[in-house]
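Asker: I have a structure here, written as structure tokens, and I will follow up with some questions on it.
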């Protein structure tokens with residue numbers, strides 16, 4: 001008998017599927033490997049049960065995906081919550097903007113969560129809020145230490161499938177442990193030498209929340225590859241550039257050296273953050289350099 005379920009975890013060729021409120025350890029049919037289809041966390045699947053007592057089953061079919069993310073490799077996600085620590089580790093603007101560009105490319109809704117606000121004695125949150133307010137992204141601040149902002153985070157996560165993205169050490173596991181006490185996710189300290197966190201999440205896992213919705217807790221990462229993005233499309237992933245008040249003389253404007261560029265004027269007039277524009281130029285140059293090296 002076949003049952004509908006969802007992959008909540010995948011480890012070493014085994015997939016853990018929740019179906020009928022039971023979690024089954026599953027292997028995938030060989031046809032998926034033959035067709036070069038890899039089951040992903042978040043996939044809606046059809047399984048046939050081998051043993052109800054041992055809770056083992058076979059994945060027979062993977063249903064069509066609404067969304068497939070490349071990194072992390074998860075499917076059928078509604079939104080990405082980018083978690084950034086205000087301190088320990090220090091927030092890195094280029095890294096944040098690379099991450100938002102990749103999420104924009106994937107088509108997900110995006111929320112920015114600035115965590116560890118209890119450590120913010122220098123007004124860092126206001127600085128970053130001012131940078132990102134023109135993007136239209138929802139921006140929240142949280143702390144697992146004093147629980148501030150966690151009710152708003154619950155509201156963001158409620159009845160959606162969300163991926164928590166961001167570098168290691170920013171507190172993704174910590175805030176999940178607070179909003180759902182029975183998780184007991186492993187947390188880690190930030191290296192004093194390199195100012196980065198060590199990975200505490202070893203695999204992607206779909207976690208069901210008591211108040212509604214799911215989150216994908218994923219391994220932290222700091223290396224983000226944007227070189228698959230074309231120079232001409234990068235501007236599409238900076239939503240503030242699409243403001244109705246931003247008008248360029250040329251439709252194919254790269255917002256770099258062209259005359260009468262609406263984006264450059266928007267920066268001068270305060271409609272666009274100077275920091276975001278500098279990130280755009282940095283990423284545009286990174287893509288350009290990659291294309292140049294490929295020609296050689």
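Using N, Cα and C of the backbone, Cβ positions are placed for all residues, glycine too.
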Asker: Among 117, 261, indicate the single residue that TrEMBL lists for the Zn(2+) site containing 248, 253, 255.
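Answerer: Candidate in the recorded Zn(2+) site: 261.
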Asker: Would you say which of the binding-site residues 115, 168, 174 has the most Cβ atoms within 10 Å of its own Cβ?
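Answerer: Most Cβ neighbours within 10 Å: 115.
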Asker: What does DSSP give as the helix, strand and coil breakdown of the domain 'EngC GTPase' (75-222)?
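Answerer: Once the DSSP states are binned, the domain 'EngC GTPase' (75-222) shows 45 helix, 34 strand, 69 coil.
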